[in-house]
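Sequence annotations record features per position, and here Swiss-Prot assigns active site to ASP13 based on sequence analysis. Annotation source Swiss-Prot lists active site, proton acceptor at ASN61. The annotation Mg(2+) binding site is assigned in Swiss-Prot to ASP13, GLU199 on the grounds of sequence analysis. Residues annotated as substrate binding site in Swiss-Prot: 14-18, ARG26, HIS30, 58-60, TRP62, ARG64, ARG180, 186-188.
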Amino acid sequence: MDSTLKHLAIIMDGNGRWAKLKNKARAYGHKKGVKTLKDITIWCANHKLECLTLYAFSTENWKRPKSEVDFLMKMLKKYLKDERSTYLDNNIRFRAIGDLEGFSKELRDTILRLENDTRYFKDFTQVLALNYGSKNELSRAFKSLLENPPNHINNIESLENEISHRLDTHDLPEVDLLLRTGGEMRLSNFLLWQSSYAELFFTPILWPDFTPKDLENIISDFYKRVRKFGELKC
């Protein structure tokens, strides 16, 4: 298997704590987090990565106060509209994964419009995980298998391939590097299937403070690791 970094996945954690440290509302941290998201996306697009997946809104985030959820929905819609030119000018393909049926029709239409407008860009894809959770994604894949069973599954490998083809990420490479900012050391139901052989990095840096230079340092560390993919390496 190839050890080149093609697919970077990030759990963007720490917006609320960053705002609290500055005696600001959580919304202030989310706004600053959007700027970091944009900076990191453009850096990745310019440094030959194939894919960047960002955990933007989880299936569990609906449990937050309604006022915060409403703000996040408005901010997401505004970002997708305002940054359209950023995607087009930088040849960035936009993809969304997750159970999008949980969103309003207006927001779904905004998501689909940007996906459609950028669908021909091939070199770099930014993926936003929206109303996403691995358990939800796998459950939807298994439901699809039960409702439309293929007739060619005769071993575990073919079953694994069939499941992979039914995931939201079916057209994306496997995750090579999974990074979480903010100091917590857990995966939070994010890309569990796709990260089977990913290298894991946890940094105490809060997401709004995270910079392309920090990412460069982590990627440098990534290339010092020996990825075995279950094999023995001499």
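Here the Cβ of each residue, glycine as well, is placed from N, Cα and C on the backbone.
Projection of Swiss-Prot feature records onto the structure.
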residue: ASP13; record: active site; CB count, 10 Å: 23
residue: GLY14; record: substrate binding site; CB count, 10 Å: 25
residue: GLY16; record: substrate binding site; CB count, 10 Å: 22
residue: HIS30; record: substrate binding site; CB count, 10 Å: 21
residue: THR59; record: substrate binding site; CB count, 10 Å: 19
residue: ASN61; record: active site, proton acceptor; CB count, 10 Å: 16
residue: TRP62; record: substrate binding site; CB count, 10 Å: 11
residue: ARG180; record: substrate binding site; CB count, 10 Å: 23
residue: LEU187; record: substrate binding site; CB count, 10 Å: 17
residue: GLU199; record: Mg(2+) binding site; CB count, 10 Å: 18
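Taking the Cα atom of each, THR59 (substrate binding site) and ASP13 (active site) are about 15 angstrom apart. Here the C-alpha separation of TRP18 (substrate binding site) and GLU199 (Mg(2+) binding site) works out to 26 Å. Cα separation, GLY16 (substrate binding site) to ASN61 (active site, proton acceptor), rounded: 13 Å. Secondary structure at ARG180 (substrate binding site), as computed by DSSP, is strand. The subset of recorded positions (ASN61, TRP62, ARG180, LEU187, GLU199) lying with their Cα within 10 Å of the Cα of ASP13 (active site) consists of ARG180, given in sequence order. ARG180 (substrate binding site) and the residue listed as 'active site, proton acceptor' have their C-alpha atoms 17 Å apart, to the nearest angstrom. The secondary structure of GLY14 (substrate binding site), as reduced to three states from DSSP, is coil rather than helix or strand. Look at TRP62 (substrate binding site): DSSP puts it in a helix. Reduced to three states, the DSSP call for GLU199 (Mg(2+) binding site) is strand. Here the C-alpha separation of GLY14 (substrate binding site) and GLU199 (Mg(2+) binding site) works out to 21 Å.
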